[in-house]
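Chemist: Shown below is the structure under consideration.
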Amino acid sequence: MRLLICLTLLGLVCGNPVQLTDNSIALQNTYDNYVLPGESFPTFYDVQLFFDPEYEASFNGTVAIRVVPRIATQEIVLHAMEMEILSIRAYSDLPSDDNLNENLFSSYTLATDDTHLLKIQFTRVLDALQPITVEISYSAQYAPNMFGVYVSRYVENGATVSLVTSQLQPTFARRAFPCYDEPALKAVFRTTIYAPPAYNVVETNMPLRTDSLKSDRPGFTKHEFQDTLVMSSYLLAYLVSKFDYISNENNPTYDKSMKVFSRPGTQNTAEFALDFGQKNMVELEKYTEFPYAFPKIDKVAVPDFAAGAMENWGLVIYREIALLVQEGVTTTSTLQGIGRIISHENTHQWFGNEVGPDSWTYTWLNEGFANFFESFATDLVLPEWRMMDQFVINMQNVFQSDAVLSVNPITFEVRTPSQILGTFNSVAYQKSGSVIRMMQHFLTPEIFRKSLALYISRMSRKAAKPTDLFEAIQEVVDASDHSIRWRLSIIMNRWTQQGGFPVVTVRRSAPSAQSFVITQRRFLTDSTQESNTVWNVPLNWVLSTDVNFNDTRPMAWLPPQLAAEAVQVPGLQNAEWFIVNKQQTGYYRVNYDPENWRALAKVLNDTHEIIHLLNRAQLIDDSFNLARNGRLDYSLAFDLSRYLVQERDYIPWAAANAAFNYLNSVLSGSSVHPLFQEYLLFLTAPLYQRLGFNAATGEEHVTPFHRNIILNINCLHGNEDCVSTAETLLQNFRDNPTQTLNPDIQTTVFCSGLRGGDVDNFNFLWARYTATQDSSEQSILLNALGCTSNADRRDFLFSQVIASDSQVREQDRHSVLVSAINSGPDNMNAALDFVLENFANIQPNVQGLTGTTNILNAFARTLTTQEHANKIDEFSNKYANVFTAGEMASVAAIKENIAASITWNSQNAATVEAWLRKNFGTDGASTVSASITIIISAMVAIYNIL
């Protein structure tokens, strides 16, 4: 019945369409090029869609596209994916045309390959620049994998409720309606949605027209929306639901309409999103000096969503856990993530929506700026969160994935849908954001801000390339009194068009000299690999005689050369130590001569607070990674790390935790591993006493993150008090599940309780997981369940990844394996065997377009042995023909990282063992034991005083 109604209406809209038999014309496309030929472009779309969430098989639609040929042509080429074309009509769009009502349509071919090209032929040659309108009616399947238009579900009062929503970025607008699905081909969109009357919340990018609600078709209500501004097709969004909302209508802190839609009964959890979202938009408008363009910016929390969120212009869609805050359930980490994601998506309203990329080769023009501003703009609203301090930790994390030869550059040419999706990786996000932060500092913050304001105003509603950005910045630099050594495009082309990053080695030219000798090499985790890639590197430094970490402007530049460069440094001869790269604002590592490393270790162990906390984090991260790479003796890194027993700030400890996690992986099972564990317990003892399991009233925002690091180290590495306390807390929680257990420590407590293999603990937590509808609680539980050491329960958990009746949402299934991979060697090896055996079934069940890369990237951080290398080779050979571009890149990174770890064992294991045995073995046991007692007593006393 509904299908007949839809088809009847399509006939009325299209006039007298030519009926087609799809089987006779669905031909294999012969285009070698995935990019549209560019011989025509759209200016206007009128899209009508029929959505019924209860009829989950398919939906119908019609689209009328105003098309302008660039040249005289007899065909146009656009995109359509996984749909049946029902009819096509084409006619002249010029009132002066004598044949205005003539149907120009002749035939069409629809590619069955992944080009998704729809070629439409006409009865005559179309004149250049003379517009026509092409009307297409079609039937399409709801997307099975949350990319396109799809159905999501939730349970309310025991009944399943369905809704329709969408995710069209990057290449899935073509799955919603035939269109020119490339970001540069912008147009105005008019949308009409037909939906059953029971679905009271029907939304798209623009508000409803004043006379929009009409019941002109039985069983459907017609919702007509205002025309958009010129925009890309991937930014469209749809929602047909029974949601409720809160809004800023009665108490606005921002002058545009904002609503937050979510499941009925969850409106109280949307208050933070509404409040922070408005304040964040105000700050972004101030910063960019450019007003938000649409009349509304609504936010939607949906139960099933592939990404964390999507910046659709005017209707931003989020996964529930990325938007809703439940007091007593949402962790501090999740709350911070919500703030970051809201800021990220708000930023896209300028970087991506107002100014979009010319093609997905330049994904970073969207995602790099959104990554930078997700911290920077959050910091403008909530400075107490210390987001720009935490940014350095995120940069250090991306160093790991950027330190392999196979990594792609920031600007990376892509053509196929698989390649395009693969560009949405850590390079486009975290690396690009880090390079943008470096640019902010070497330009100065005010020149950077003015440059972005000029870029946005100049490129508004246009498709941009990096040259457009660089030219705007250069114009502002030229008008200022600030100078840089080269033109900006020369500097930035090396950072954006080459993969990887440098390690800058700095030495005194002589013991009493006033100059540095500086060289650069590409930093690669595998020390057996080499590269001649070089960069234009901004340099600044601090001397022990002039400790000023605040001025981060360049004091010199390192040219793009392998040869050594001499840099004059007045006063160097009087300095006991020096540090290059203030606040780690430059995207590079720094190595020194052994004498300077020893001097830095001394000052850290004596008076560490004289060094900026971000540079303390830098010294920890650089030293251990340089040692891992074979460029620094591990004994120097360990000597420096001793100071951590005095370190109270979270940021250096986050850097240290990453270094220690790698060492734990490569040392696990070795005879020296117990000594390494002893060292970690020694370093964390004062903080374990100070932080414990209980949160203090009014503690700093980042303290829960710090507490989790300390508790995880202690419970994992044998602190009996930590293990017994965690087990007691879990048992008390089981005995009284309604009691309050700080959500910030729940994953640690649950994980510790599961490591013992207790089946009852697992069953209790699994029952809670399946019973709760709260996405925050589900995340906590799923991340803990992977810690189980019970093989039977682990196998059951893994089965949920591929089971047809899985109780884990598709978007979360990859977390089952990731949590197991991260929990320890036994579960990691079990997960590897499971993936090796079942990857073909895993792909379509874990949000296959991105979930598998999350799993593979977790392996890239943890696999270390020759046995692992053999299994990955087997895995690669077995599934090579089904890998996506992103999966292939992840597998290549795994292989490089394993090779580096095998090299590590031959080059570094003996040095690490010698240092640990000297300091924590039989030879040093009595001295260390006495030192531990004295230091811990002193530190606890100091902490209690402070």
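Glycine residues also receive a Cβ, built from the backbone N, Cα and C atoms like all the rest.
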Chemist: May I ask you to find which of Glu320, Glu367 Swiss-Prot records for the Zn(2+) site already listed with His344, His348?
Modeler: Glu367
Chemist: Considering the candidates Cys722, Cys787, which is the cysteine that Swiss-Prot reports in a disulfide bond with Cys751?
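Modeler: Within the candidate set Cys722, Cys787, Swiss-Prot assigns the bond with Cys751 to Cys787.
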Chemist: Going by the disulfide annotation in Swiss-Prot, which one of Cys179, Cys715 is bonded to Cys722?
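Modeler: Among Cys179, Cys715, the cysteine that Swiss-Prot links to Cys722 by a disulfide bond is Cys715.
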Chemist: Which ones in the same chain are close to His348 (Zn(2+) binding site), with CB under 8 Å and 6+ residues apart in sequence?
Modeler: Glu311, Asn366, Ala370
Chemist: Nearest to Asn312 (substrate binding site) by Cα, among His344, Tyr429, Asn550 (recorded positions)?
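Modeler: Closest candidate to Asn312 (substrate binding site), judged by Cα separation, is His344.
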Chemist: Which of the listed recorded positions (Asn60, Asn312, Asn550, Asn605) has the least company, meaning the fewest other Cβ atoms within 10 Å of its Cβ?
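Modeler: Checked Asn60, Asn312, Asn550, Asn605; of these recorded positions, fewest Cβ neighbours within 10 Å: Asn550.
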Chemist: Calculate the distance in Å between the alpha carbons (Cα) of Asn550 (N-linked glycosylation site) and Met310 (substrate binding site), and round it to a whole number.
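Modeler: Cα-Cα distance, Asn550 (N-linked glycosylation site) to Met310 (substrate binding site): 36 Å.
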Chemist: How big is the gap, in Å, between the Cα of Glu367 (Zn(2+) binding site) and that of Tyr429 (site 'Transition state stabilizer'), rounded to a whole number?
Modeler: 5
Chemist: For the recorded substrate site, enumerate neighbouring residues of the same chain (Cβ within 8 Å of the Cβ centroid of Gly308, Ala309, Met310, Glu311, Asn312, site residues themselves excluded), in sequence order.
Modeler: Gln169, Ala307, Val316, Ile317, Tyr318, Glu345, His348
Chemist: Given the recorded positions Ala309, Asn605, Cys715, Cys787, tell me which ones have a C-alpha lying within 10 Å of the C-alpha of His344 (Zn(2+) binding site).
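Modeler: Cα filter at 10 Å returns Ala309.
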Chemist: Going by Cα-Cα distance, pick out whichever of the recorded positions Ala309, Met310, Glu345 is nearest to Asn60 (N-linked glycosylation site).
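Modeler: Minimum Cα distance from Asn60 (N-linked glycosylation site) across Ala309, Met310, Glu345 lands on Met310.
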Chemist: Do you know offhand how many angstrom separate Cys715 (disulfide bond) and Ala309 (substrate binding site) by C-alpha?
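Modeler: Cα to Cα, Cys715 (disulfide bond) and Ala309 (substrate binding site) are separated by 34 Å.
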Chemist: To the nearest Å, how far is the Cα of Cys722 (disulfide bond) from the Cα of Glu345 (active site, proton acceptor)?
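Modeler: Here the two Cα atoms are 39 Å apart.
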Chemist: Around the Zn(2+) site (His344, His348, Glu367), what further same-chain residues have their C-beta within 8 angstroms of the site's C-beta centre?
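Modeler: Neighbours within 8 Å of the Cβ centroid, excluding His344, His348, Glu367: Glu311, Glu345, Thr347, Phe351, Gly352, Asn366, Phe369, Ala370, Asn371, Phe373, Glu374, Tyr429.
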